[in-house]
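A short worksheet on the structure shown next.
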Amino acid sequence: MAPVTRRTAFPKVLIERDSESEQSSSEEEEEEEEKTLEEEEDDDDDDGVTTASEKTENLDVGSDANRKGKAPITISLKKVCKVCKKHGHEAGFKGATYIDCPMKPCFLCRKPGHTTLSCPHRVSTEHGVVPAPRKKTCKPLEYVFERQLRPSLPSIKPKYVIPDQVNCAVIRYHSRRVTCLEFHPTKNNILLSGDKKGQLGVWDFGKVYEKVVYGNIHSCLMNNMRFNPTNDCMVYSASSDGTISYTDLETGLSSSPMNLNPDGWLGPNTWKMIYGMDINCEKGLVLVADSFGFLYMVDMRSNHRNGDAILIHKKGTKVVGIHCNPIQPDILLTCGNDHFARIWDLRYIEAGSSLYDLKHNRVVNSAYFSPLSGTKILTTSQDNRLRIWDSIFGNMDSPSREIVHSHDFNRHLTPFKAEWDPKDPSESLAVIGRYISENYNGAALHPIDFIDTSTGQLVAEVIDPNITTISPVNKLHPREDILATGSSRSLFIWKPKEKSEIVEEKDERKIVVCGRAEKKRGKKNGDSSDESDGIMSSKSKKFKSTKSGRKKLSGTKGKH
């Protein structure tokens, strides 16, 4: 007698959809799927004959309407909000449009009563901003400032020169996303860049093809870098591996003046990471701060640690920024994850001895003194606000003005930081990348904003149709009208567009594409790259035909 085989009972699949539309988009299919599955085990007899389960259901699947089997699987494709996790609505980006969650306030200004598309701060950046007043000073310190420093600053604000056209670029220059940029102090065409992997790139964008990447500097994120003021061939860098490196740009050889983790990895509770860094030229000190709120000093002459660590922010919180005043380097400005930016006197610094504590609503990404007089302060906070203090001699209890700007996004991105234009004699122009995308001829692009901090007005927003990624790292040249941008793994150089000349004659933009071989090898070895950092993959597909038209490693002229 032939053995009786077991009949496999396939469960019925029930798909629930919204009544509004039968077809779900690709974004809806990526949302949470609610699955309920109840399976019952079948018991076999000694003869190998299958028996029916105790509980059976009549399932209408095809022609077998009364077949015995498993319980149905229910798959829900209903709309689920990614913000509040509730059903019935969606929120987030759809192309270049941001859809608000009805259960939350405006994504941009964090206030209820309107959507992000109709937010008055998105329509006009100067909405609600009180312009800088023109009044006579009353306090003695302000009077001294007006007599000694103000005459060197022009009374009439000069015309802004905005670098609004990509001149050259290196695509996929780094193997991970770019985290910091720095221009060479004496050579105008040299740009330094650090990445998430701890590598240091040196690029001569004047010759475009002369570039090198040193991969033995750090073992993870390079968060900051500063040139040695007495030797422009040497650069200090700070990393999340807890070390400071001192690197020779000509040879790539580096030493480590300080290591906060000499015993290696002992767990997240003891691992120290270095974020903020600056150099005090008068005292010859490298100032760095770690992820536990402490400040360290390194003597530049001996390249060894000097003194004990000083608690300058709440214990256990990151100190992400340090900046010395350009006129009086002993005055120090720090910011961190404890929602404060603090001003210190380095000559009398100790725990709790800050001169001013500038309170913010959320994490402070950066804080900088103005580049010429050092009397203004510009901070960038995660509450989508840029805050400006017009005078450190005036009222420091509250900022002179707050500018609403979209930069609240840190996950998988280098934090956005607004920086002064070091060439602007009026000390009012700042540059920062934007998170929320805008619709430019059907394409979702993330512009780079130039903002007048004295009025809150948007001076310019620069874009390029080939840059579909977010550009959080931006650096203005200290001597020329040049903007350097780090977007994902690529570097871009912007220069002012020559309006008086024919574009075809003046366009000398060169694009160098690199890293494709490394990308293929990385996929074979199972190494995941950081190309997705800040990249909307659906958006980049729209420009695939545009990017394919570029000449690779050719020296020929590109056209807009």
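Residue 1 is the first one shown; counting continues down the chain.
Cβ from N, Cα, C; glycine included.
Positions annotated as compositional bias 'Acidic residues' by TrEMBL: 21-48.
Here TrEMBL flags 539-560 as compositional bias 'Basic residues'.
Annotation comment: TrEMBL describes 1-68 (among others) as region 'Disordered'.
Per TrEMBL, region 'Disordered' is recorded for 513-560 (among others).
As annotated by TrEMBL, repeat 'WD' applies to 171-204 (among others). A mean pLDDT of 94 is what the model gives for the repeat 'WD' (171-204).
Note: the repeat 'WD' (357-390) comprises 0 helix, 19 strand, 15 coil (DSSP; helix = H, G, I, strand = E, B). Look at TrEMBL and you will find 357-390 (among others) tagged as repeat 'WD'.
With a threshold of 8 Å between CB atoms, the same-chain residues lying at least 6 positions outside the repeat 'WD' (171-204) that come near it are 210-215, 217-227, 229, 232, 235, 237, 239, 241, 247, 249, 413-414, 473-475, 477-480, 484, 486-491, 493, 511-516, 518-519, 522, 529-531, 533-534.
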